[in-house]
Amino acid sequence: MHRGRGHQGQLHSQILAQVDRPVRVYADGIFDLFHSGHARALMQAKTLFPNSYLLVGVCSDDLTHKFKGFTVMNEAERYEALRHCRYVDEVIRDAPWTLTPEFLEKHKIDFVAHDDIPYSSAGSDDVYKHIKEAGMFVPTQRTEGISTSDIITRIVRDYDVYARRNLQRGYTAKELNVSFINEKKYRFQNQVDKMKEKVKNVEERSKEFVNRVEEKSHDLIQKWEEKSREFIGNFLELFGPDGAWKQMFQERSSRMLQALSPKQSPMSSPTRSRSPSRSPSPTFAWLPIKTSPPSSPKAASASISSLSEVDEDEK
């Protein structure tokens, strides 16, 4: 018996009331070139209920190539990518393209999570139509700007860039399905790009060298100016008008003059001064003066008068 979409809220309440087991949510897809859009969809499916168990079904290569087209990654790579997603509790390999009641019963699936856009395939306008009618469908939001088709479109649009990139990394032209002429063209373009890169590196290094030289020149000039000011200051301090050299020269000059000029003796008292012509010789001052007796009275008086004059002179 199918349940309508109006009963979906009631089912949510009933499931939330069941605390004895996790809610089993199923999400399926191809998951080629697993990207952030896939991861966000699985995150939404995992967090629909506080206690949930997320099963992810991945379709096989045969089924995908039949209904959708060729994939970049094979099924083993796609299984492995899902196994390492932290939101996934279990990966179901070789999942069916259209969900059957038997499949839902086998895996005890409570809800199916997918974006709400009708997915027409395998002769059906919407492969999830019967799941929606049963009230088991829970929509998730797509992530704009990222999808497997978008990634493939980028690669096809910039095919030459990626072909040259892989040739440069060691892949052969045969591995890349590139013709002989295109291989030579790509390799020549790679050489041109290498030369451009070398020229660019040389220009950048030259600019760095010039900048370093300018910085060092500025530092040298600044240091030279500081040393020059210091030298001029020291020179003026030593040889300037009031410099240390002048003071030292004056001190030495005064010392030399003092050494060459002897000290004068103190002047004698003017009252005690005596004429050198009248001063008796010290040698003869202590010698006794021999006098002969006067030969006559006149001579005696003459000698007395002369002695008197000598006494007056001494006074």
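Each position is counted from 1, following the chain as shown.
Each Cβ is built from the backbone N, Cα and C atoms, and glycine gets one as well.
In TrEMBL this protein carries:
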COILED    185-212  coiled coil
COMPBIAS  265-308  compositional bias 'Low complexity'
DOMAIN    26-154  domain 'Cytidyltransferase-like'
REGION    256-315  region 'Disordered'
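In the domain 'Cytidyltransferase-like' (26-154), helix, strand and coil residues by DSSP number 45 helix, 26 strand, 58 coil. Looking just at the coiled coil (185-212), the mean pLDDT is 83.
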